[in-house]
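Swiss-Prot has this to say about the protein:
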BINDING   HIS115, HIS119, ASP309  Fe cation binding site
BINDING   LEU137, VAL138, SER139, GLY140, GLY141, ASP170, GLY183, ASN281  substrate binding site
Amino acid sequence: MRVLGIETTCDETAAAVVRLEPGGAGEILSNEVMSQIAEHAAYGGVVPEIAARAHIDIIDRLVLRALAHAGTRLADLDGIAAAAGPGLIGGVIVGLTTAKALALASRKPFIAVNHLEAHALTARLTDALEFPYLLLLVSGGHTQLVAVRGVGDYLRLGSTVDDAVGEAFDKIAKMLGLPYPGGPEVEKRAAEGNAARFDFPRPMLGRPKPDFSLSGLKTAVRLEMERLNSLSPTDVADLCASFQAAVVDMIIDRSRVGLRLFRETVGPSNAMVVAGGVAANGAIRRALMRFCGESGMRLVLPPPQLCTDNGAMIAWAGLERLSLGLIDDLTFAARARWPLDANAEAVHHGKA
């Protein structure tokens, strides 16, 4: 089976074709992504209206390119999937409308994909991972620990009570006057800094429920900046390093609590999967590798290009659902909010 996947929930326009082999393995035939970094750089963050207009400008050409690079015609597809949320509603509507139009014109099944579910299932595309497993989703918009028990069967163990991890990185970068996107810039400066110089708080450490919080940590960084008044390059590097170290400690502590809760409520975990753009952060990756080694658990880190938003993950989630007979009506509405654990209408524990 082949499915076209379309992703437009934030500031990447993406289209991909993925094939599901009879034995259950997936193959990415094409994966086209157009970033909007240049469009948003002057504003220091994503502007929803600009993002939606940029999606409109490129989506048709990107879909044609994905089909061409996959050597696939519209008639060869078995289904067309699009991220229907959560995300910036204007952008979501662009991708969803495009997919619906293609499905209607080609008389192919349409699959509305939860963007978070696509992240959750990517490890099954890259590593043929069996259920159940623990998912740490860390991105600009979401920070969650989730028990992935099957397609459409998710138990949220913990989540952020304020900012997402990626959002906090971007806000710290903006405070420090670093270029957009801020996350990679903070990591780059942190590599040159002294993480022990500033003793920033580690929010939520020791709490019995594996939730996250970043607002207090952000405030601590801001207050330290105000105390220093004029920041030297060394100050900036040390602030970034100390902030990143605090985030890493929080993630590991929360993951430890999440794993314990997973084992109590679900049972043994086949692996820990890390997804979302923040999964590309080297310090976080190294800390999670140590944590999983100590916990006797396999760590699955999809390639960086599949951690950030992309069409292949949407196509794969579409394939997983289509193979179970789960298709959607063309009246399916775009959703700005769509909690992953509410998407439980289809429960499946086998390997598609």
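Just so you know, glycine gets a Cβ as well, placed from its N, Cα and C.
Note that this is a predicted model, so its numbers are computed, not measured.
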Position of peak Cβ density within 10 Å, selected from the binding-site residues HIS115, HIS119: HIS119
HIS119 (Fe cation binding site) and ASP170 (substrate binding site), Cα-Cα, nearest whole angstrom: 21
Least Cβ-crowded entry, counting other Cβ within 10 Å, from the binding-site residues listed as ASP170, ASP309: ASP170
DSSP three-state assignment (helix, strand or coil) for GLY141 (substrate binding site): coil
Candidate nearest GLY140 (substrate binding site) in space, where candidates are the binding-site residues HIS115, HIS119, ASP309 and distance is Cα-Cα: ASP309
Other CB atoms, at most 10 A from the CB of VAL138 (substrate binding site): 28
Spatial separation of VAL138 (substrate binding site) from HIS119 (Fe cation binding site) - C-alpha basis, Å: 10
Least buried by Cβ count (within 10 Å) of the binding-site residues GLY140, GLY141, GLY183: GLY141
Length of the line joining the Cα atoms of GLY183 (substrate binding site) and ASP309 (Fe cation binding site), in Å: 15
Number of other Cβ atoms within 10 Å of the Cβ of LEU137 (substrate binding site) across all protein chains: 24
Under 8 Å by Cβ from SER139 (substrate binding site), counting only residues of that chain that are 6 or more apart: HIS119, ALA164, VAL165, GLY166, ALA275, GLY276, GLY277, VAL278
DSSP three-state assignment (helix, strand or coil) for HIS119 (Fe cation binding site): helix
Remaining residues near the recorded Fe cation site, that is with C-beta within 8 Å of the centroid of the site residues HIS115, HIS119, ASP309: GLU7, THR9, ALA83, LEU116, ALA118, SER139, ALA275, GLY276, ASN310, MET313, ILE314
